[in-house]
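**Q** Supplied in structure tokens, the structure appears directly below.
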Amino acid sequence: MSTASAASSSSSSSAGEMIEAPSQVLNFEEIDYKEIEVEEVVGRGAFGVVCKAKWRAKDVAIKQIESESERKAFIVELRQLSRVNHPNIVKLYGACLNPVCLVMEYAEGGSLYNVLHGAEPLPYYTAAHAMSWCLQCSQGVAYLHSMQPKALIHRDLKPPNLLLVAGGTVLKICDFGTACDIQTHMTNNKGSAAWMAPEVFEGSNYSEKCDVFSWGIILWEVITRRKPFDEIGGPAFRIMWAVHNGTRPPLIKNLPKPIESLMTRCWSKDPSQRPSMEEIVKIMTHLMRYFPGADEPLQYPCQYSDEGQSNSATSTGSFMDIASTNTSNKSDTNMEQVPATNDTIKRLESKLLKNQAKQQSESGRLSLGASRGSSVESLPPASEGKRMSADMSEIEARIAATTAYSKPKRGHRKTASFGNILDVPEIVISGNGQPRRRSIQDLTVTGTEPGQVSSRSSSPSVRMITTSGPTSEKPTRSHPWTPDDSTDTNGSDNSIPMAYLTLDHQLQPLAPCPNSKESMAVFEQHCKMAQEYMKVQTEIALLLQRKQELVAELDQDEKDQQNTSRLVQEHKKLLDENKSLSTYYQQCKKQLEVIRSQQQKRQGTS
């Protein structure tokens with residue numbers, strides 16, 4: 001806070017000049033900071049610290065800059081938020097100029113990311129909630145893309161920037177520090193790696209379709225309740241390299257074809273092949289009729305059983321909640337995977353299908369799995385009856401009943417045969433070469449050709465897809481590096497020098513002057529330092545993870561020792577009781593013998 005105050009004089013003058021600019025109409029109120037009562041820090045945004053506060057007897061969120069380098073992002077967010085007014089975009093109440101801060105609507109439900117992957121207890125949510133969140137997100141982004149005279153592109157769509165209110169039923173987009181006006185040429189790399197469109201970090205020109213790619217990743221994330229590309233691990237540029245090579249999140253078993261087609265179209269390598277946000281809104285609005293109950297508040301579990309504590313929270317409602325009780329037996333027969341030796345989608349062996357069908361029918365009603373920050377390969381084995389994602393086969397049947405789309409054939413999936421719901425081109429899953437293992441841990445990425453199919457032989461319930469693209473195509477970059485610069489075949493440090501994109505705003509290198517060798521040299525040095533920084537941070541994270549594992553093992557050992565000690569004491573106590581009972585038994589036996597002898601004497605005398 002003190003840093004923000006120190007920077008307020010210069011920041012307020014720039015903000016004041018921007019406010020007074022006659023060419024811009026900004027709809028916000030200049031607020032006196034004395035009217036604000038700060039309560040607590042709740043997080044960080046694209047810039048600055050976000051605090052909960054009271055202003056005019058209502059809860060608000062204030063965002064303050066911490067350094068001079070964040071002033072530009074502050075002005076961007078102030079300018080963009082002052083232009084928008086939509087129920088699915090966080091409302092700007094006003095701004096303070098001394099110290100510099102934004103006063104915005106407070107979201108009591110926190111971010112969607114925390115709802116999906118936060119600390120326990122995690123809330124239950126249904127398929128209707130997941131679809132509603134994505135619909136509301138698309139409505140907000142479609143509004144940004146359709147603004148006049150200049151449309152807006154968010155460029156940083158991800159669950160941490162999606163806030164929930166009204167019991168988790170209403171979603172609001174926030175964090176416009178990276179937003180910009182839609183232009184013909186935009187090469188500034190903004191956003192986060194897991195949700196970032198490939199054309200953004202490749203340095204080529206990109207458009208509003210980069211938001212569509214991010215939305216498609218979010219759709220996958222809320223359905224599976226798993227972090228995208230989490231199985232890759234390591235620094236963020238590993239994700240970038242995998243996405244650049246065509247890797248996408250694994251398809252979801254039993255996902256209705258219209259939803260799967262929409263999702264995979266959003267992941268297309270070619271931005272022109274992705275649907276517009278307006279089209280997404282129309283499709284999602286149509287599909288929402290099959291998902292009632294989105295207006296019910298999220299429910300948090302009061303307590304967990306032993307199993308619940310080990311497996312984290314799950315969703316009470318899934319796509320299977322709308323289906324009949326025998327859906328799991330029926331749906332598992334349609335499970336598909338991509339073999340490691342070719343690109344044809346085949347059925348699993350009948351024995352595996354029968355076993356999984358039996359196990360899943362015994363497991364009862366399954367639901368959205370909770371995130372544990374784990375990869376696809378860390379899912380529970382099939383013998384536990386757990387699925388990676390929700391069962392949506394009955395919803396698919398309902399959609400089929402009303403739209404009468406043709407049944408998909410075996411082999412390559414026909415993603416465009418959905419009647420009148422989706423009039424889209426066919427998504428081609430290509431691949432002529434043999435996929436090979438790379439050194440990136442827990443991930444099978446594509447080979448040297450971007451169009452090859454990537455598969456995960458140890459995950460029969462999912463199939464990894466890649467989008468096709470010209471194999472000779474090389475991305476245009478805004479700096480002198482290209483993927484061909486890499487001499488490391490292990491996909492490590494030199495694979496893709498874009499690590500600085502995921503650093504905090506104040507740590508990212510400034511764009512160099514292409515005509516200055518010194519500027520380019522400084523930029524290259526800064527990027528290498530950023531790469532080294534990311535490597536060190538990764539090592540720290542791995543060491544911390546190992547530390548947590550050791551602490552957990554130590555706790556388990558202590559519990560085992562306590563249990564052993566308790567068992568020894570119980571055994572000793574039982575031995576004492578046994579000895580006491582034996583003594584008592586002998587006494588009773590002697591007394592019985594005495595009584596019998598006395599009775600015999602009496603009978604003899606009589």
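Heads up, the Cβ atoms here are built off N, Cα and C, so glycines get one too.
Dumping what Swiss-Prot says about this protein:
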ACT_SITE  Asp156  active site, proton acceptor
COMPBIAS  306-338  compositional bias 'Polar residues'
COMPBIAS  361-375  compositional bias 'Low complexity'
COMPBIAS  443-452  compositional bias 'Polar residues'
COMPBIAS  453-463  compositional bias 'Low complexity'
COMPBIAS  464-473  compositional bias 'Polar residues'
MOD_RES   Thr184  phosphothreonine
MOD_RES   Thr187  phosphothreonine
REGION    1-300  region 'Interaction with MAPK8IP1'
**Q** If you draw a 10 Å sphere around the Cβ of Asp156 (active site, proton acceptor), how many other Cβ atoms fall inside it, taking every protein chain shown into account?
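**A** The answer is 24.
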**Q** Any idea what DSSP makes of Asp156 (active site, proton acceptor), helix, strand or coil?
**A** coil
**Q** On the 0 to 100 pLDDT scale, where does the region 'Interaction with MAPK8IP1' (1-300) sit on average?
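**A** When the pLDDT values over the region 'Interaction with MAPK8IP1' (1-300) are averaged, the result is 81.
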